[in-house]
Amino acid sequence: MTESEVPVIPEHLEDAISDIVKEINTNSTSVVVKKWRIWKNLFVICIAWVLQFTAFHGISNLQSSLNAKGNVGMNSMAIIYAFLIFSSALLPHPMMSIFGMKWTIVIGQFGYLAFVVANLKPIPALMYPASVLVGLGGAVLWTSKNAYVTQIGMLHAESKGKKPETGVTQFFGIFFACFQTSQIWGNLISYLVLQPTPKSKTHNEISTGSVVQRIFIKNVTNITSKGYQCGAGFNEKDFHSDRSAPVSKNLAFTLCYIYIGLIVASIVFIALLLDQRRSKTDSKSSIKAQLKNSLHHVASTFKHLRHLNQILLIPFTLWSGLEQPYISAQFTKGFITCAVGIKYVGLVMIVYGVCDALSSFSFGHIAKYIGRMYCLMFAALINYTLIITMLLWVPQENQLWVLFILAGLWGVADGCWQTQIAAAYGTLFTENESAFSNFHLWESLGFVIAYVYTPRIRIRYAHIILLCVLTLSMVCYTIIEIREKRKKKKVPEEEPSKSKDDIESTIATAL
């Protein structure tokens with residue numbers, strides 16, 4: 001073909017082709033930018049949550065020891081979960097309609113900031129209102145985060161041509177892998193700030209000098225020779241701090257300032273770097289409808305109790321709410337603080353956090369192969385062994401290693417409970433939103449009950465309560481397993497596939 005035979009493209013077609021090429025380049029660039037922004041938003045949330053809950057978990061684990069006077073610490077934790085029950089049903093959806101997901105998260109964060117600030121002067125007039133703010137803000141914070149991660153997870157799956165649940169599961173897996181480490185960092189900070197110095201006196205020495213940890217026991221002979229006040233025989237009434245606090249004010253202030261800085265950094269991180277998102281159904285004109293839906297949601301939560309399986313799951317859900325405060329409040333005070341000093345609380349609880357995180361990840365996979373029932377039986381066996389051991393064993397100052405083992409094994413069991421109980425709710429009920437509302441309701445009630453009785457009874461009686469509730473839980477869940485097997489034999493059913501909207505609604509409200 002000669003040069004004269006080469007077809008000449010008309011000028012208007014050249015312009016059209018040029019526009020198409022530009023559009024293709026623009027679209028491909030926008031896809032890359034979209035993917036980048038999706039991952040950016042996920043990691044902003046992950047980092048912000050690690051910063052914030054490093055502070056909150058760290059200060060929460062010290063409430064029974066740091067703010068023991070007048071039971072202010074335990075009462076504050078009870079208030080948090082009491083208001084969390086109320087706010088979970090009514091506040092999240094209207095708040096997200098008004099402010100969007102991003103600013104709803106920021107508003108919720110300020111409640112946690114107020115709580116840590118109140119610990120600078122832990123008096124009821126400051127701690128209790130701050131606890132109310134955490135309870136109210138916690139529900140909107142977590143619901144907004146869940147909705148946000150669900151949306152970006154689905155967008156990621158869509159960009160990859162995969163099923164929505166694949167992206168959502170992947171993103172929540174990444175989030176919780178990061179979030180679980182906050183327990184480790186929070187306790188590490190508290191240990192480093194409160195760690196013993198070479199010149200420190202023993203924790204149960206009573207003197208007029210300035211020491212890191214001084215405690216007064218009504219009968220000094222018993223703690224030094226018999227030791228029965230620590231462990232199962234521990235009673236808050238027999239355990240009193242000195243005129244100021246279990247740790248010096250300077251150390252307490254240092255700890256609080258570090259935690260305050262972390263939460264402020266978390267708020268700034270969200271405010272500056274997170275993109276705003278709204279649910280497709282959310283708009284400022286639908287606030288009244290959202291409030292109406294919230295009231296309907298409350299009603300459907302209680303209507304869900306007509307299911308026998310839901311009633312049978314209540315003991316297990318209460319157990320989850322009882323065993324977590326036990327390790328963070330009674331174990332830390334009656335075994336760690338009493339036996340070896342508050343300075344070791346963070347160090348021992350680091351082991352708990354690591355084991356909990358690894359267990360949560362592991363049991364999520366193990367259950368696929370051996371079934372949920374065997375996982376729960378394994379966790380129950382661990383807890384039975386630990387509770388009976390702690391009923392009989394009296395902690396001594398030279399047995400710190402035993403505390404590490406107890407905390408680590410409790411973390412292994414807790415990781416199983418958290419994953420498998422939530423999974424049971426998700427698989428047993430088609431009305432997932434109402435089911436998970438019941439999960440949050442009964443678990444929060446368990447937290448409230450535990451934090452109310454913790455400072456008022458000997459740990460021995462708490463052990464008995466835990467044994468009874470765990471036994472009842474296992475009996476009830478065994479009945480559920482039997483019922484489900486019989487149901488499958490009679491009517492083999494295939495679970496219908498869920499739509500994109502179903503998945504978004506379920507996961508956003510559940511987790």
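Numbering starts at 1 and runs along the chain as displayed.
For all residues, glycine too, the Cβ spot is worked out from N, Cα and C.
TrEMBL annotations:
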COMPBIAS  491-503  compositional bias 'Basic and acidic residues'
REGION    489-511  region 'Disordered'
TRANSMEM  42-60  transmembrane segment
TRANSMEM  72-91  transmembrane segment
TRANSMEM  103-120  transmembrane segment
TRANSMEM  126-144  transmembrane segment
TRANSMEM  171-194  transmembrane segment
TRANSMEM  251-274  transmembrane segment
TRANSMEM  334-354  transmembrane segment
TRANSMEM  374-394  transmembrane segment
TRANSMEM  400-423  transmembrane segment
TRANSMEM  459-480  transmembrane segment
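The transmembrane segment (72-91) shares the most Cβ pairs under 8 Å with 126-144, out of the stretches 42-60, 126-144, 171-194, 334-354, 459-480. Among residues of the same chain six or more beyond the transmembrane segment (374-394), those with a C-beta under 8 A of the stretch's C-beta atoms are 226-228, 230-233, 323, 331, 335, 363, 366-367, 402, 406, 409-410, 412-413, 416-417, 420, 459-460, 463, 466-467, 470, 474, 477. Across the candidate stretches 103-120, 126-144, 171-194, 334-354, the maximum count of CB pairs under 8 A to the transmembrane segment (251-274) is reached by 103-120.
Most Cβ pairs within less than 8 Å of the transmembrane segment (171-194), among stretches 42-60, 126-144, 334-354, 459-480, belong to 42-60. With a threshold of 8 Å between CB atoms, the same-chain residues lying at least 6 positions outside the transmembrane segment (459-480) that come near it are 231-235, 309, 312-316, 318-319, 322-323, 326, 330, 334, 373, 376-377, 380, 383-384, 387, 390-391, 424, 428, 453.
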